[in-house]
Structures are given as structure tokens and as C-alpha cells.
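What follows is a set of notes on a single structure, which appears directly below.
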Amino acid sequence: MLTKNSILSIVNQLKICSSRKQLEPLYSLMLKNGATKDCFLMNQFIATCSTLNNPDFASLAFSQMENPNVFVYNALIRAFVHCHSPFKALLLYIDMLRTQNLPTSYTFSSVIKGCTLMCGLRLGESVHGQIWKYGFGSHVFVQTGLIDFYSNLGRVDLARLLFDEMPERDNFAWAAMVSAHASAGDLGSARSLFDEMPEKITAACNAMINGYARTGDVESAELLFKEMSRKDLIAWTTMINCYSQNRKYGLAIEVFYDMKSNLITPDEVTMTTVISACAHLGILDQGREMHLYVMQKGFDLGVHIGSALIDMYAKCGSLERSLLVFYKLREKNLFCWNSVIDGLAVHGYAEEALALFSMMEKEKVKPNAITFVSILTACTHAGLVEKGRKTFLSMTQEYGIVPEMEHYGCMVDLLCKAGLLEEALEIIRSMRIEPNAVIWGALLGGCKLQKKLEIAQVAVEKLSVLEPNNSGYYTLLVNMYADANRWSDVARIRVILRELAVGKEYPGSSWIEIEKKIHQFAACDNYHHSSQEIYSLLDGLDGQLKLAGQVQELEFVL
């Protein structure tokens, strides 16, 4: 006979279990004391198994019970869903109905999540019918779960119909519907509903910020974020992600530091996003600082943070550290392999990149389209034309990956640098998608190197349609005409440019990191607060170079 003290003792021991190794002797003790017949204790035991991601052990214990009640069924159904075994959860739900255990609201919340994981729209609709049958048609908690279910499966119309018919709504129901519209890209409906909310809870604000981030409306996201009275971890991370998605990496890092000053502890998602922002800016010092922070705070160096660190070090020019992180990872997924292969390829270590690719294939890690962009880039840097051709063919024939613009761009670049302009033009004309300005620009660059005026004219003709306001391509063609002493063509293009009044539409820019601050510069830029001193110093350096006889020979320019 179990006493109150023995029950409490078992419950307390279950709460401190951290592995199956600790759980097994406790289960043996429960068997010996007859505790496995107690539904309350078995409920607690199954919940512990779920926390430890061990639903099979919970299922084994459950199978030895004589008369499990609905709460035990609920616990195991929830455990299967939590551990991503939705099919087993639904089978158990059917078994529960057979044993005459009537479902509760908690049963349906887990079953609905299981249907979502299985992407089972018709299955979910059947469960929806049973929700009405068992009297939960107006239960707010269950209805909110259904709103999530329909919206996650792309049926926002059904989710909205359900929401509009709800006789009673709590804040979470409102937030679920706002999130459904925002996730579907319908920010008009999301904002309209958000404005109607009786209380704008954090979850709804986060959904709106995420929606604005997806559509590039950073200004609206910023405004809403600043208006939030209470910002949780998800809110801060969502705003950081918003800036990163829209290439405002410096602001993403600033928000991260603000978050820390507000005593909000970042999680793995936050750190992965911030490290990636450092990678895009090429700021090695702050990237190292983020790595140190990760280590000091005891983050698990898993595949997400690991791949971000590999990418960051590679993009910041510290290839040795990138490789060190890669080889120290206990587990390596596709993203980790892609990051390190790309780092090697970009730095010109083609043979090493190809060797790692072979190692990746031996490890049975299936490459994706991004992997092949890196491999083709490596071939381009090393001038490995035949290897590039074979890689391009294996991508389509062995792995069934349909070539995208980036793959075609790599192949055109590879062939142009090898002087095979006719083959490059043939590839462009055989593309299954319409070639963009990058493709034709790569061909034009190859023509400049190989002095192929005829093909260059074809490329510029296409580019003048794709980017009519960019004078750079015309400038390159004019230089080629000048090299060939075709001055009448030079004059003709100059007239065209004057008539079109085109200029350089997308000026390039560079940035440097000094004492953790990012300084960005563009050609003819005078916006920097120290621009006068900078130009004065450059003039001085220019004069010294001229005196030293190190004046670069300038080619003809427009």
C-alpha cells in the first residue's frame, strides 16, 4: 500500500531525473511497490520521460498498466507529440476512445498539434468534428489550437472563419489569428485585427514584427518594437532577426547589446543570428567576442551556433579558426559542411574544398544546391574547367538538383576565365530560366579579358534592357572599343549615354571596424564625420606615391 510520503518521495525523485539511466532504477522501485498501478504517479512518470525525450520508455510502462485513465492517456499522447511521434499519438488517441475514456480539452490540444506535425488537413478536420461531438466547440483553448492548425496548413480562411464564430476569445486566440494573417503575408488583415485587440500581448506584437520583417517594412517593425511595454526574449530576438533579414546587420548587433543591458539572456537562436550578422559585416573582433560569450555562458556548441561560427570566421578572413571550430564539433550537419566548404572555396583553397566535399559524401551527408555553388566557386578560383563541368552534371544527374541562377553564374564565370566564351554563351542561351544581369555581366567581364568585342556587344545589349540606368557596362564596352581603336563607336556610345542620362545606380561600398564601431565608405563619399581629415590624408599619400614613382598606369575610362 502506497503511503502519502512514499508517493511524494517518488514524485520528487522523478523531478530530479536527468537521464534514462537514473529513471530505470526508479521505475523498478515503482514496479516493486505497485506504484505503476497508480494513475497519478504514472502521469508524472510519463511526463518525465517526455522531458527526457524518451517516449518509448513511457510507452513500455504504459503498456503494463491495467486501467489507465484519461489523464495517463493525455500524458502519453502529449509525450509522443512533444517527441515528434504524431502518428503514435493519434493511434493512442484511437485506443483511448476504444477503452471508453472520454477525451478532455487537453487531449484535443495535443491531438491537433499531432495533426499539424503530420500536415494532415483531412485528419485534422475529422478531429475538428470530434471536438464538436464531445462538446468542446466553444472551448477557447481548443479553438485556439484549431486556429493554429488551419493557419499552419495554409488554410487561413478556415482559421479566420473559426475565429469570427468564437463566442468568447482570450488574448491568445487574438494573438493566434494575428500571427496566422502575418505569417501568410496578409499584413493588412493582421494589422487591422491587431488594432482591434483588447490587450496587445507580447505574442501578438512579436507576430506583427516578424510579419513586417518578412515584407521588408523595417520602419513599422521598429516603431512597434519601441512601443512595446514588455519585451521578452522572443521580442528581442525577432527584432534582431528583422534587422538581419533586411541586411541592417549593424543595427542587429546594437539591439543585441541593448538586450543584454536590459538583463535579457539570449538563447541559441539569438546567438546564431548575431554571429551571422558579424559574419556579414566581416567584423572579426566582435565575432570573437560573441564566440567567447557563447563559451562563457555554457551554450551547447551544436550545429546551429557551430555553423554560424564557421561561416563568421571564414568571412572575416580567419580560415584557421573556421576549420578549428568545424573539426571540434561533435555533430556536423549539412549547414556545417556547407559553411566550411564555402570558406575554403572563397579563400582559393579549391583542392581542400573538393577534398572536404568527398569526405562529406563518404559521411553520407547529402549535398544541396548551396553545396554545389561552393564547389563550382572553388573550381572557378582554381580554373578547374573539367572538374567544374563534371560537378555541374553530377548535381543534376546524380542528385537531381535543378540548376539555379547561382550555378549558371559560376559556370559562366568559370568558362569565361578559361577563355571559353562561346561555350559560356551557349550555356546562357540554354538556361531554363531567364538569365539576369549578373550572368550577362560575368560574360561581359570575360569578353573584356579575352578582348571579344562581338560577344561583348551581345552582352551589353541584354544588360541595357535589364539595368538601363547602370553606366558601368557601357563604360567597359567603351574601353574595349578604345583598345581596338574604334573611336567612332566610342563617340556613338557616349552620345547614347548622354541621351539616356544614366549613371552608376548601385555604388559599391566598403566598411572597416575600429574599436567595435563600423565605418562605411563609398566612392566620392563625404558623409563620414571625419571625411575632410580622411581626404587630406589620402591626398598626402597620393603625393608621396607620385614622388616615389609608384603611379599606376590608368587605362582609358569614360
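Residue numbering: from 1, along the chain as shown.
Quick reminder: no glycine exception, Cβ is built from N, Cα and C everywhere.
As the structure is a computational prediction, the values presented were derived from the model and not from experiment.
Marked as repeat 'PPR' by TrEMBL: 69-103, 170-200, 201-231, 232-266, 333-367.
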Practice task
Would you kindly list the residues that approach the repeat 'PPR' (170-200) from elsewhere in its chain, counting only those six or more residues past its ends and only Cβ-Cβ distances under 8 Å?
Solution key: 140, 143-144, 147-148, 150-151, 154, 156, 159-160, 163, 207-208, 210-212, 214-215, 217
Fill in the blank from the handout: The mean pLDDT across the repeat 'PPR' (69-103) is 94
Practice task
Mind tallying the repeat 'PPR' (333-367) by DSSP state, helix then strand then coil?
Solution key: 26 helix, 0 strand, 9 coil
Completion exercise
Summed over the repeat 'PPR' (201-231), the DSSP helix, strand and coil counts are 24 helix, 0 strand, 7 coil
